[in-house]
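Chemist: Before anything else, here's the structure in question.
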Amino acid sequence: MAAPVVLLSILSSLLLPADAIKPRFFEPRIFDKEATGFGPIFEEEPLDTVYAEDSPEAKISMNCRVRANPPAAIKWWHNNWEIKLMEQPDEHYSLVGGNLVITNPEKSKHAGKYVCVAKNVYGTTISKEATVKFGYLDQFPTDEREAVYVKEGQGAVLLCAPPSPEVMYRWIYNDFPNFIIPDQRRFVSQTTGNLYIAKVEASDVGNYSCFVSSPTIGKSVFSTPIPLVPQIESKCAPVYNKATYILTWCACVPLSPLPHIRWRKLDADLPPNYEVSMNGALLHLINVQYEDEGSYECEALNVRGMDWYRQWLYVEGAPEWAEHINDTEKDVGSELTLSCTAVGKPLPWIRWLKDGYSYGKGELKFSSLTFEDSGMYQCIAENTWGTIYANAELRVVSCAPTFIYNPVKKTLLGAENGRVVIECKPRAAPKPRFIWKRGSELFSNSSRMFIWDDGSLEILNATKSDEGLYTCYAENDRGKANSTGTLSITEATKITVPPSDVEVTVGETTVLQCSASYDPSLDITFIWTVDSYIINFATDFDHYEQMMNSGDLLIKNIQIAHAGEYICTAQTIVDNTTASANVIVRGRPGPPGGVRVEEIRDTSVKLVWSLGSDHGSLLAQHVVQTRDFFALDPEDWKTAVTSPVFLDGKAEVTEVVDLYPWMEYEFRVYAINELGAGESSLPSIKIKTWDAIPTMSPTDVDGFVGLNGELIVTWTPMKPQYFFGKKFGYVVAFKPHEDFDWKWSTIADPEARRFVYRDTIIPNTEIQVKVKGYNSKGEGPYSLTKVVFSSESAPTEAPLDVYARQVTSTEALVWWLPVYQVPPHWVDGYQIRYWRKYDDNEAAASRVLVHSSVNQTRLENMRPDSHYLIEVRAYNGAGLGPPSEHCEMFTRRPRKTNTTFTRKWLYIYWDHIYNYWNESYVEGYKILFRKEGERYGKLYTTGRHYIDFPMPETGDYVIEIRARCEGGDGPISQILVQGRAALGSQSLGAVSLLLLVLAWMNLGL
């Protein structure tokens, strides 16, 4: 059968116009796709390469692997010039299976851009460009580096001065490979290579070397040492070092203590993929996206104040395809538009290649395809960050009509009074002309019958008289063909019981009815949709169920999301019909939208929002909630005070009052209707109210005269929300009662709780003291005045009934009866001394001072299993009173922890701990089994007072045991265990050896 096909092909070619007979490599046939082949497709393209100039392997390999049928010829181009290996042999270039190998490469000859070109009879394709660079890494100068002198506590910068650009930086401390690990104090800039030390300490003294490495060529060098010599200095000025790209660093050097650092994005939340390290000093954005662009703020905060720095992050990227071209087969003479869309920043621009040659920009449009339009097309998108290629083959074909692959259906069904479409889609190129017949009746377009452009026949208002044999004829300049089918008309499907509109409340159940009549020879199916969503009864069974033997829909436990337009579709294989009903669900209100702050003042803001859905019940009220910076829980929202106080259901704006000045807030709103409170809105963007003068004063102001005659003033620090501004501190004022002028002193620490006036106070003097807060806006009100008396003479009475009780092996509690005396012998406080009766010198006893309002305290750092003497004295500014009688007590013995072991198991047991009346019940024990020198290990818990472990093979291990209870974990008891190998090398006594032998025998070893 092959010969006639070839003959017909030749004859049809002779019948074509002269301008259509042109030399071509191949004219594709549509009947046998496997025989037509395909153009070049790259499976591997060359990659950018960096060649180290001192590389021992003196060659560069550029890979290019192509799939094509017939096989493609491979050529290479260098800097837009073809490398002609056949015509001009080169000792450096060779072609190995399509790969280009450059032997003994030279920078002056072989650096540049390379492309691989693949060609066969279907077209030519060019690979993406690959760049060959020659890499190097120079040595640091051998000159001695100057030492860096810096005062202790201040910031320092050690300059790297790298010999080559585009490298990675690290620093060596004293000896290689002791690399510095960046932390809150130390940072290495990957832009300059400089080492920043935010706060120099005495331990930083030493030699520092800048270590640079090039990952592309695998080489590293380091500089000569830079000595760092700290100088003792008590204070330092704030220093900020900042560097930001994708890794963003913020370091702050205030006065002690070091600050707490936190990050935020001003216009949105921080990206989901980020890491904060170095105690907050380093923000690392992972897998950066375009939406991550914006302003980032680093805020440093400690008890002395706050400062911040903002940096805008620009995000750009190489092109990525949003839409690209694919292999296409089109009929000769048809229209075609080739387009591709790429996203990137800056916006990529598009250009085209056809068979390796430039073929325009933007979008390619063909009004009438010819055979010459066939070929390999490449869409290229490029911007400053890169270039991407999309390759596709366009094949223009022609053939006579055939119904072999898509004949007219033999059996055709149509509904009475319905619409019938009989498809006629032969395979043909160019597009054929269509003729329809029923028997011998020729059809033409009319009000009831219409022949579409694609050959399909449409019949409107079909009746039984339309039944019969229908034949489609297709013809073009290559030939003609026809195909026939039989049309039968069935009874139309009709909905007899449609669903009705219904209104229900959340949580209720309802039924939507749906029944239909249809042709008895057919099967019927009911399909339900809600707002265009097709209900899947297999997955949506929690709320939807189709009633048995009917089309009724049961909706269970209905929710707000189930409201909408429900459509019942009764469907057969011939036709379908629909009916709809609206389901209204009454429920609690939906969340208000667009909550935003429009006006900001010191204690109030103007809040605006848009109304949410009432869900079928009128809104009765709106409630505003706030969350401030000091909220401990993300859901710690409080009801705000508004003006007006009551916000009705139509309110969309209010003034939120009674806010703290200089406080960060966010707001949300929810609505209430007769069914209850609805869902809250999304929080507003965080804002900060203006600063203001403090309006509160410190509480619990008190004072007394110390043992050395100094005035000591104490108070309870104000909470941070009452600072009302930055640079908060306290003003302490005091004066003798008879004086007119007050003396005062400023304390800049907002967490300060006491002030000491060192000048000696005259005995038997009444002193008035008061304290107020201040910030950068001004000073707040003073506290109530407290009267302090300076003693004329020391107390004359000793505390009575001194009693002590051990708490642990190193701690005890002591009580006494307070001493009450009137001036001039009043009591300002108590001194407690304690020492070991037989082992310590009384003059070196430990001392504790407490206020006169306290008659008990805890004694710490005692020796276990020791005999102690305890003495209590009252004191005032004039001195110490007489001592109490010595109270004697014994501290506890330390907890015993015993161990036994076999060659495979280690057994540990200890004394059980019994709690005292004021201690929590012991719930069990925690046992940490870790290797010596390591911080982490395996944690066990048990309710018993013994445990066993597998005996470790080698090394020394530490076992830590502590009691656990509701009040927290108790003190640690610790033992050291040696591994099996170490134990095996030690000499054992006869008894120990005998015990081990018995243990082995019992274990069957």
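Backbone N, Cα and C define each Cβ position, glycine as well.
TrEMBL labels come from automatic prediction, so no person has curated them.
As the structure is a computational prediction, the values presented were derived from the model and not from experiment.
Quick paste of what TrEMBL says about this protein:
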- 40-133: domain 'Ig-like' (DOMAIN)
- 141-222: domain 'Ig-like' (DOMAIN)
- 227-302: domain 'Ig-like' (DOMAIN)
- 319-398: domain 'Ig-like' (DOMAIN)
- 401-488: domain 'Ig-like' (DOMAIN)
- 493-584: domain 'Ig-like' (DOMAIN)
- 591-692: domain 'Fibronectin type-III' (DOMAIN)
- 697-794: domain 'Fibronectin type-III' (DOMAIN)
- 798-894: domain 'Fibronectin type-III' (DOMAIN)
- 1-20: signal peptide (SIGNAL)
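Could you give the neighbours, burial and distances for every feature on this list?
Modeler: Over the domain 'Ig-like' (40-133) the predicted model carries a mean pLDDT of 89.
Helix first, then strand, then coil: DSSP counts for the domain 'Ig-like' (141-222) stand at 3 helix, 33 strand, 46 coil.
Per-class residue totals from DSSP over the domain 'Ig-like' (319-398), listed helix then strand then coil: 3 helix, 52 strand, 25 coil.
As a summary of secondary structure, the domain 'Ig-like' (493-584) carries 3 helix, 45 strand, 44 coil according to DSSP.
Taken through DSSP, the domain 'Fibronectin type-III' (591-692) splits into 0 helix, 50 strand, 52 coil.
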Chemist: When each of 319-398, 401-488, 493-584 is checked against the domain 'Fibronectin type-III' (591-692) for Cβ pairs under 8 Å, which one has the most?
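Modeler: Answer, by Cβ pair count: 493-584.
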Chemist: Based on Cβ pairs under 8 Å, which of the stretches 40-133, 319-398, 401-488 lies most in contact with the domain 'Ig-like' (141-222)?
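Modeler: Stretch with the highest Cβ contact count: 40-133.
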Chemist: Please list the DSSP helix, strand and coil residue counts for the domain 'Ig-like' (401-488).
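Modeler: Residue counts for the domain 'Ig-like' (401-488) by secondary structure: 3 helix, 46 strand, 39 coil.
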Chemist: Reported in the order helix, strand, coil, what are the DSSP residue counts of the domain 'Ig-like' (40-133)?
Modeler: 4 helix, 52 strand, 38 coil
